[in-house]
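Swiss-Prot annotations:
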- 30-197: region 'N-terminal domain' (REGION)
- 198-486: region 'C-terminal probable beta barrel' (REGION)
- 1-29: signal peptide (SIGNAL)
- 199-209: transmembrane segment (TRANSMEM)
- 237-248: transmembrane segment (TRANSMEM)
- 253-262: transmembrane segment (TRANSMEM)
- 276-286: transmembrane segment (TRANSMEM)
- 290-300: transmembrane segment (TRANSMEM)
- 334-344: transmembrane segment (TRANSMEM)
- 358-367: transmembrane segment (TRANSMEM)
- 373-382: transmembrane segment (TRANSMEM)
- 409-419: transmembrane segment (TRANSMEM)
- 437-446: transmembrane segment (TRANSMEM)
- 453-463: transmembrane segment (TRANSMEM)
- 476-486: transmembrane segment (TRANSMEM)
Amino acid sequence: MKNGVKQISFLSLIGLSLIGLSLTNIAWAKVARPKNDTLTNTIQSAELKTSSFSSMPKKEIPNRHIISLSKSQLAQHPRLVLRGLILALYQNNTQAVQLLLPLYKQFPQHDNFLLTWAKAIDAREQGDLTQSIAYYRELFALDASLLPLRYQLAQALFFNYENESAKIQFEKLRTEVDDEKFLGVIDQYLLTLNQRNQWIWQVGLNFLNDDNLNNAPKSGTKIGSWTAWEKESGKGGRVFFISRKKWPWADHFFSKTMFNGNGKYYWDNKKYNEATLRIGGGLGYQTALVEVSLFPFQEKRWYAGGSSGTNTMKQYADKLGIRLENVDWLSKTWQISTALEYGESRYKIRKHLDGNYYFISSTLFYLPKSTQFWFVGMDFHRENTQALDNAYQQKTLRLGWGQDWSYGISSRLTFSYANRVYREKDLIGIQQKNREYATTITLWHRNIHFMGLTPKLSWDYQKSTSNHAFYRYDKNRIYLEIGKIF
């Protein structure tokens with residue numbers, strides 16, 4: 001160093017070449033976004049140390065393209081600093097970001113997006129992963145289309161052991177990467193995530209305001225001398241949780257334990273309070289692209305009894321069954337998820353509902369890009385009960401679309417149509433045949449969180465048409481939902 005001034009091999013440091021680049025083409029707020037950019041560089045393993053965030057190899061630059069500048073000299077070239085910072089951010093180059101950020105801050109004009117991105121990388125390198133992830137989510141609320149940004153967020157989530165969130169980001173990233181070498185890197189991350197043996201939790205809360213809890217038809221509906229029940233309303237909340245843990249074995253095999261639970265509580269109509277808990281465990285096989293599992297389960301349901309019940313929940317029914325699940329990535333943009341379930345039901349009081357059931361579900365997902373998904377699914381459900389007028393067969397078609405928009409807005413739209421046919425006539429002499437429709441629209445902002453919980457606003461509409469007048473109804477509701485995966 002001459003006169004205490006550090007000399008910087010600038011282009012060597014950030015792995016760039018100025019040959020063929022025109023500095024006059026820099027736009028202050030615009031960043032070029034090639035589909036794969038520098039993501040074709042690879043890492044050796046998904047099991048990286050936390051100090052190796054910027055370990056992706058850079059291309060060798062011939063010596064004739066290296067320019068040595070001091071910091072003071074570099075500070076005289078704001079366009080060069082800007083170009084270097086942008087590419088350092090894209091390349092996930094921590095050393096270059098930490099060098100250029102102080103220089104960039106000295107300039108009279110700053111781009112907040114670039115500053116926040118640089119802060120995210122710096123916080124990550126300092127080991128403050130929680131703050132780094134917060135910065136990345138703030139950036140995602142502004143622009144969810146930048147692939148290097150998604151990769152860096154996925155990395156930070158991975159090293160912070162937010163496994164489920166990291167897996168979602170890597171799977172989205174996989175849909176937009178064409179380079180086979182980098183696809184292999186993503187698959188290594190996914191395989192490592194699948195093999196991690198820690199508990200994963202998903203929790204959520206909905207605020208309920210249902211003006212037709214008992215799915216009553218229009219008031220005054222009659223069939224002969226029979227009169228339909230009247231509507232009942234209720235305000236309250238619904239809570240649900242999913243918890244699971246895997247224990248990896250050799251050769252891609254694993255064992256799994258899972259708990260699912262949900263409950264509804266209406267403070268002004270407690271007769272409709274209910275809760276369900278399912279416990280299961282079994283064996284499975286997984287790679288980065290395929291997961292198959294088979295597990296028996298036991299389920300218990302508590303219910304206050306509905307219109308003829310009390311304000312206290314009591315044990316209502318038990319189920320014992322077995323479930324087979326399969327998830328398979330057919331290609332980088334197509335995934336199929338299938339489930340088969342068989343169970344036997346036993347009711348504490350309503351013995352005429354005892355029996356067994358079969359359930360088959362298959363869903364095909366299409367992810368054309370990381371900010372969008374579509375799905376189509378079909379279900380078959382057969383319920384066999386001792387009283388044949390309660391036994392039925394149902395076929396369901398499901399459609400869905402999810403989208404990350406500009407300005408941090410995300411949306412999800414789902415639609416389903418079901419055809420339900422009962423086996424025998426009821427007491428009135430009608431063999432019930434229903435057509436059931438449901439649609440839900442959900443909106444949320446990607447950068448709005450409260451204690452790690454993301455609020456989502458949903459509108460839900462349900463309609464049932466039937467040859468049985470007592471089972472014709474429609475209702476809609478708007479509710480707030482909050483949830484978290486950790």
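Cβ from N, Cα, C; glycine included.
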Cβ contacts under 8 Å made by the transmembrane segment (253-262) with residues that lie 6+ beyond its boundaries: 195, 238-247, 275-286, 293, 295, 297
Residues of the parent chain within Cβ reach of the transmembrane segment (334-344), under 8 Å, 6 or more residues beyond its termini: 297, 299, 319-328, 355-367
The transmembrane segment (358-367) versus listed stretches 199-209, 276-286, 373-382, 437-446: most Cβ pairs under 8 Å: 373-382
Highest-contact recorded stretch vs the transmembrane segment (237-248), from 199-209, 276-286, 373-382, 453-463, CB pairs under 8 Å: 199-209
Other parts of the chain folded back onto the transmembrane segment (276-286), taken as Cβ under 8 Å at six or more residues beyond its ends: 194, 246, 252-263, 292-302, 319, 323
PLDDT averaged over every residue in the region 'N-terminal domain' (30-197): 73
Intrachain neighbours beyond the transmembrane segment (199-209), with Cβ under 8 angstroms and 6 or more residues off its ends: 163-164, 234-245, 264, 266, 477-486
